[in-house]
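J.: So TrEMBL says this about it:
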{"type": "DOMAIN", "residues": "602-666", "note": "domain 'CBS'"}
{"type": "DOMAIN", "residues": "700-758", "note": "domain 'CBS'"}
{"type": "TRANSMEM", "residues": "70-90", "note": "transmembrane segment"}
{"type": "TRANSMEM", "residues": "155-180", "note": "transmembrane segment"}
{"type": "TRANSMEM", "residues": "201-221", "note": "transmembrane segment"}
{"type": "TRANSMEM", "residues": "257-281", "note": "transmembrane segment"}
{"type": "TRANSMEM", "residues": "293-310", "note": "transmembrane segment"}
{"type": "TRANSMEM", "residues": "330-352", "note": "transmembrane segment"}
{"type": "TRANSMEM", "residues": "372-391", "note": "transmembrane segment"}
{"type": "TRANSMEM", "residues": "443-463", "note": "transmembrane segment"}
{"type": "TRANSMEM", "residues": "470-489", "note": "transmembrane segment"}
{"type": "TRANSMEM", "residues": "517-542", "note": "transmembrane segment"}
Amino acid sequence: RGKKKHHRIIMNGNLMDFLDEPFPDVSTYEDFHTIDWLREKSRDTDRHRKITTKSKESYWELIKSLLDAWSGWVVMLLIGMLTGTLAGVIDLAVDWMTDLKEGVCLSAFYYSHEQCCWTSNETTFDDRDKCPQWQKWAELMTGHSEGAGAYVLNYFLYVLWALLFSFLAVSLVRVFAPYACGSGIPEIKTILSGFIIRGYLGKWTLLIKTVTLVLAVSSGLSLGKEGPLVHVACCCGNLFCSLFSKYSKNEGKRREVLSAAAAAGVSVAFGAPIGGVLFSLEEVSYYFPLKTLWRSFFAALVAAFTLRAINPFGNSRLVLFYVEYHTPWYMAELVPFILLGVFGGLWGTLFIRGNIAWCRRRKTTLLGKYPVLEVIVITGITAVLAFPNPYTRRSTSELISELFNDCGALESSQLCDYVNNPNMSRPVDDIPDRPAGPGVYSALWQLALALIFKIVITIFTFGMKIPSGLFIPSMAVGAIAGRIVGIAVEQMAYHHHDWIIFKNWCRPGADCVTPGLYAMVGAAACLGGVTRMTVSLVVIMFELTGGLEYIVPLMAAAVTSKWVADAFGKEGIYESHIQLNGYPYLDVRDEFTHRTLATDVMRPRRSEPPLAVLTQDSTTVEDVETLIKDTDYNGFPVVVSRESERLIGFVQRRELTVAIKTARQKQDGVVSSSVVYFTEDNPQVAEACDPQPLKLRRILNLSPFTVTDHTPMETVVDIFRKLGLRQCLVTRSGRLLGIITKKDVLRHMAQMMNQDPESIMFN
């Protein structure tokens, strides 16, 4: 009966087009491939059109369409809440574990040093860090808190805890989630530009990254938690995308959500919601429509709000380094600010060159085979060198906080050991400039040593196999340099207040120079030199510190550091890491100025075999299967015939495989010798004994993007960049000549810049 039925269908000429039912999973791409933005966008438009027409049919469909429209905001709400919660937990855990290296709280072991002494009644104001409930390890074990023996024991335990934390971190990363290492921002930039890295934003990565981030930061290594928090936020975004088919089935829409998630990540990392939105716009995102701007604003708001509800710092402020100085700054101070900008640019260049050279070594030599050993050695060196110096012993955030602080009447820090004038009676907050005491000079020495230590060790730390952010160490380098410059300027102004530059601004007995402000400007300059951010950097800095009056000095330093760093090389640290890993990332900022044409770049070249194509009505199923097996191209152009080579369309490799597989299972009569048709009209079957043809018109893309062979490469690069193409066909008067893929474009650009074109590894 099957045979009769088969004949009957063909006799009617009415070939059953089984392809009206959708394929399972055709939308997905292979791992390490680039998505086609145009295709994703048109698929979303189709989906939207369907929903709109359906919503007019019944109330139920109308409610469904409203829910669909709301799903974007729901996803943002969920991302904000989860990211804020995780950030709060990370902050609390890091606080406690950092203090665990030095001692323990007896009243409740889960209290950090600060929380322990809050609950104490015996704390006096002068010794607010000392309270009987908090005991250092030596005191707890031997009963002595002073002396050489206690120092050595504390030293030993400090190093031991640091090694334990970092060993745990690197082991967890190695065993459970290899993608959880590093900062994550270079990969997120690549993913947002349309690349697919399966598992990079998965559930395991989220879990392991959160845990190991706490361990890595607590181990005292020179790294921050800011970059990884962006990765954690994007993992949350990906997690919630999978709940809504609108996002899980469309890679383009998913990337809009991830852009907003990145904003939420920065928002909780620094307590800077607006800075987060600008960071996502300026630094990470590739495609950033207005809708995403509002959504990321909302996500950043919810995340900041959640973090504020958890209140990890206990001071009901979101900002990490709150500053309270309100002295005006003077025009003459722009000179040291700009010099700090120059220092920031030079440090950025030095860091990028050194770090990339070291990472390249790690990739090419034996070093890369022993990630655990490398982490343990670097942690050991860091801990041994950091303990003797009180400025490097504490966590980097605390160090920055102290450097940003102004010396009030109540400060107990060594940096505030000025010589007080006994007959001075002035209000408490406005303390005049004073000569530096011995404490300030010894603090300056320790800071200078800390500066050298931080500069060197950060180069080797960033890029190891543990979660490591870059913001905090860069800011620390800048803050130390800035504080040293600030104290120098302050002492100059005090001792030489009759000089012409100080005369009209510094009266004797007035408070005219704020060293903390210099630390803030230095931190911004160094961060700008490494990452090349400008707008978002300044906004993050003043949201971080609450110092609104100092926008102009921050802008001056940020712009100077960008200019100086750009003079030595256009790439920031993230772009350099993308290049090092060979990801296919077309940077929007790169300019292509060479006068090459599409013919120079397209494949096949003269020496290569001709292009693999399908014909519209003469290829058999077997031919197609052989072609798929022998090649690894992403898709195949379809032509009228091999003689005329007139282009009809383009068919994706994955869709072709799925279609043939489905047809073999569901449609009887399809065998290896069946002919595959891509034509509009139904194929005529002459003989009844011929095998049943297979019609695949539906998967054929009839509007592939084409350029002519004389199109300048400048235009082609622009088309690829702005439309997010994956491949583009080259024709001459309708005849197909070749194909240009994104990888070809990137290789060509690398070649033109005298780099190794083989470094671009992925499709």
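Cβ from N, Cα, C; glycine included.
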J.: Are the transmembrane segment (201-221) and the transmembrane segment (330-352) close, by which I mean at least 3 Cβ pairs under 8 Å that are 6+ residues apart in sequence?
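T.: Contact criterion not met.
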J.: Using a Cβ cut-off of under 8 Å, list the residues of the same chain at least 6 residues beyond the transmembrane segment (517-542) that approach it.
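T.: Contacts of the transmembrane segment (517-542) (Cβ under 8 Å, skipping residues fewer than 6 from its ends): 266, 270, 272, 274-276, 278-279, 281-283, 323, 325, 329, 336-337, 340-341, 343-349, 351-352, 400, 403-404, 470-471, 474-483, 485-486, 489, 548, 550-551, 553-555, 557-562, 564-566, 572-574.
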J.: Most CB pairs under 8 Å with the transmembrane segment (70-90): which of 257-281, 293-310, 330-352, 372-391, 470-489?
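T.: It is 293-310 that shares the most Cβ pairs under 8 Å with the transmembrane segment (70-90).
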J.: When you check the transmembrane segment (372-391) against the transmembrane segment (155-180), do you get at least 3 Cβ pairs under 8 Å, counting only pairs 6 or more apart in sequence?
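T.: Since 3 or more Cβ pairs under 8 Å link them, the transmembrane segment (372-391) and the transmembrane segment (155-180) do come into contact.
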J.: DSSP says what for the domain 'CBS' (700-758): how many helix, strand, coil residues?
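T.: So the counts come to 24 helix, 19 strand, 16 coil.
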J.: In the domain 'CBS' (602-666), how many residues does DSSP assign to helix, to strand and to coil?
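T.: Residue counts in helix, strand and coil order: 24 helix, 17 strand, 24 coil.
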J.: Grab the same-chain neighbours of the transmembrane segment (155-180) for me: Cβ-Cβ under 8 Å, and only residues 6 or more beyond its ends, written as numbers and ranges.
T.: 97, 100-102, 137-138, 187, 197, 199-200, 202, 204-205, 207-209, 211-212, 215-216, 218-221, 371-372, 375-376, 379-380, 382-384, 387-388, 393, 464-467
J.: Summarise the model confidence on the domain 'CBS' (602-666) as a single mean pLDDT, whole number.
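T.: Here the predicted model's pLDDT, averaged over the domain 'CBS' (602-666), is 91.
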